[in-house]
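K.L.:
Have a look at the structure that comes next, please.
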Amino acid sequence: MADDSGTENEGSGCTGWFMVEAIVQHPTGTQISDDEDEEVEDSGYDMVDFIDDSNITHNSLEAQALFNRQEADTHYATVQDLKRKYLGSPYVSPINTIAEAVESEISPRLDAIKLTRQPKKVKRRLFQTRELTDSGYGYSEVEAGTGTQVEKHGVPENGGDGQEKDTGRDIEGEEHTEAEAPTNSVREHAGTAGILELLKCKDLRAALLGKFKECFGLSFIDLIRPFKSDKTTCADWVVAGFGIHHSISEAFQKLIEPLSLYAHIQWLTNAWGMVLLVLVRFKVNKSRSTVARTLATLLNIPDNQMLIEPPKIQSGVAALYWFRTGISNASTVIGEAPEWITRQTVIEHGLADSQFKLTEMVQWAYDNDICEESEIAFEYAQRGDFDSNARAFLNSNMQAKYVKDCATMCRHYKHAEMRKMSIKQWIKHRGSKIEGTGNWKPIVQFLRHQNIEFIPFLSKFKLWLHGTPKKNCIAIVGPPDTGKSYFCMSLISFLGGTVISHVNSSSHFWLQPLVDAKVALLDDATQPCWIYMDTYMRNLLDGNPMSIDRKHKALTLIKCPPLLVTSNIDITKEEKYKYLHTRVTTFTFPNPFPFDRNGNAVYELSNANWKCFFERLSSSLDIQDSEDEEDGSNSQAFRCVPGTVVRTL
């Protein structure tokens, strides 16, 4: 068996394990440092204070908090210095006073220190403000439910935002006025930044209206009448512009002058910049969209920063405002004042508009030969700009009654005038209303085209024109498209006659238009129409007096005016109409009406040509003027307006 390790000669001497300790002070060749004390032994007492194992007391905890707070104050002051260096002075809300704005621009910290605190929670306000957080990032958005609200952003009562909670900074009792942090570039003016942020609110129009009232002291609605459509044109416009650069205000007068006939310009300066109010009358009518594009170019602002509406021309208060501000040094006026301002501010114009005279309206309708109610109302309303009686008519609450009365009276005068005239005077009266001389030859050429001898036609036409009994009716018959209706309609148009139709024969009043006519036309008589005339209208065709039933009026006795009839039926070839053969003079148009290659009528039967026809053949038709009338009519023009007597002193 092998020997145990570490044993030799078991049984003699020491046996088993033993510990050998060797101390090596310096290896061979090691140099010993001169400043090292080789003889001093390290006892370990110099490492006692490396770790503080003593109990933590309350005073040491306060020291740590004080140190942290001092560090936070130092960091906060450094950040504020950077903000003031790169962001500029903060801008306060427009709802504050000017003194507060100036104070805030000097020092935002000074503005935050106040003896009287503003309430932290405010009610809904018209304007919206942007605020800058302590960290300098982003915007603090304002939420609004149905309208635009303003919140006074300050430090919450729980000690501040997240950053301030970490630093432990106590800012209770201090409010910070915050400003917008531009992302692209630094704003040139704090006021420009404020107006741009204001225009981002939800109800832009309400914000602009509120700012206008704050600047000018009156509502913008009091000066304008709103147009719903942007395409409606008008010559006069009221424009309010916001956020305009001050350099444009100096040149705006020269820029607007070439485009306008009148301009009333007012400039005001507020914390946002320049605000413009202008009343302008352009040389041509413009729509709102056109005005917006024009002024946006001149003022160098977007069109959503402008309020554009036409002025309230019927308001005396609005006219007085423009008049009073126009004569003050607060406005610049170019051109002559509009007539609607002068009319409502000059005393004599105001007195002239106070009373409406129906006689002047009737005289105007009579002179212009207007008897339709709708036409009277429309045309007379357009005279309101220069006619005092028309302005009084527009201001009246009885316009419908006045229009109806005017049309009724005008028809009465016209009817009485017509019945008073002979056919000779009537033809001359109708010819005096037609301009131009015309040519009578196309009428004669058309009759020859229809194989009608002109001399026999002229003799029968003269008897018809004067309403000779048994010769009071002329019938133009023939195939379709031969020009029968064209020939008769042109003649009736010149003579100012009326047209009746058998389609209304079921009514007792279908012949009522004959009462107020000088001549008449029955177009396209069919078989039932001829039968009706043969049965009931023989006396009327004779040209003798007969009674006519009128609606809502008693029967009236009249002599039938000269009557023209067009038809495709030749009654001279019908034996059953033998009683009409002697009462109706018949002419046949057998040939189609000719047209040129462009579709125009070869024979023009215009009013001017008929005028020349009657003037040329007046002696043959027995309608020539007498010797007393050759020098002109000595009758006085009709006048329904009472005259005035000029009394001499």
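Using N, Cα and C of the backbone, Cβ positions are placed for all residues, glycine too.
Pasting the feature list from Swiss-Prot:
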type: MOTIF; residues: 106-115; note: motif 'Nuclear export signal'
type: REGION; residues: 138-169; note: region 'Disordered'
type: REGION; residues: 187-353; note: region 'DNA-binding region'
type: DOMAIN; residues: 452-602; note: domain 'SF3 helicase'
type: BINDING; residues: G478, P479, P480, D481, T482, G483, K484, S485; note: ATP binding site
type: CROSSLNK; residues: K559; note: SUMO cross-link
K.L.:
How many other Cβ atoms sit within 10 Å of the Cβ of G478 (ATP binding site)?
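P.N.:
The Cβ of G478 (ATP binding site) has 20 Cβ neighbours within 10 Å.
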K.L.:
Going by DSSP, is K559 (SUMO cross-link) sitting in a helix, a strand, or coil?
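P.N.:
The three-state answer is strand.
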K.L.:
What same-chain residues, at least 6 away in sequence, bring their CB to under 8 Å of the CB of K484 (ATP binding site)?
P.N.:
I476, V477, G478, T566, F589
K.L.:
Quick one: which residues besides G478, P479, P480, D481, T482, G483, K484, S485 have a Cβ within 8 Å of the ATP site's Cβ centroid, in sequence order?
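P.N.:
In sequence order, the nearby non-listed residues are T566, N568, F589, P592, F593.
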K.L.:
What does the structure give for the C-alpha distance between S485 (ATP binding site) and K559 (SUMO cross-link)? Integer Å is fine.
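P.N.:
Pair distance, Cα basis, whole Å: 25 Å.
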K.L.:
Sequence gap of 6 or more, Cβ distance under 8 Å: name the residues on the same chain that satisfy this around P480 (ATP binding site), in order along the sequence.
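P.N.:
Listed in sequence order, they are N568.
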K.L.:
Between G483 (ATP binding site) and K559 (SUMO cross-link), what is the CA-CA distance rounded to a whole number of Å?
P.N.:
29
K.L.:
For the domain 'SF3 helicase' (452-602), would you mind checking the mean pLDDT of the predicted model?
P.N.:
90
K.L.:
Counting across all protein chains shown, how many other Cβ atoms sit within 10 Å of the Cβ of D481 (ATP binding site)?
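P.N.:
Its Cβ shell of radius 10 Å holds 12 other Cβ atoms.
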K.L.:
CB neighbours of T482 (ATP binding site) within 10 A?
P.N.:
21
K.L.:
Give me the Cα-Cα distance between D481 (ATP binding site) and K559 (SUMO cross-link), rounded to a whole Å.
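P.N.:
Between the alpha carbons of D481 (ATP binding site) and K559 (SUMO cross-link) there are 33 Å.
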K.L.:
What is the total of other Cβ atoms whose distance to the Cβ of S485 (ATP binding site) is within 10 Å?
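P.N.:
Around S485 (ATP binding site), other Cβ atoms within 10 Å: 16.
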K.L.:
Within a 10 Å radius around the Cβ, which one of these binding-site residues has the most neighbouring Cβ atoms: P479, G483?
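P.N.:
Top count of Cβ atoms within 10 Å goes to G483.
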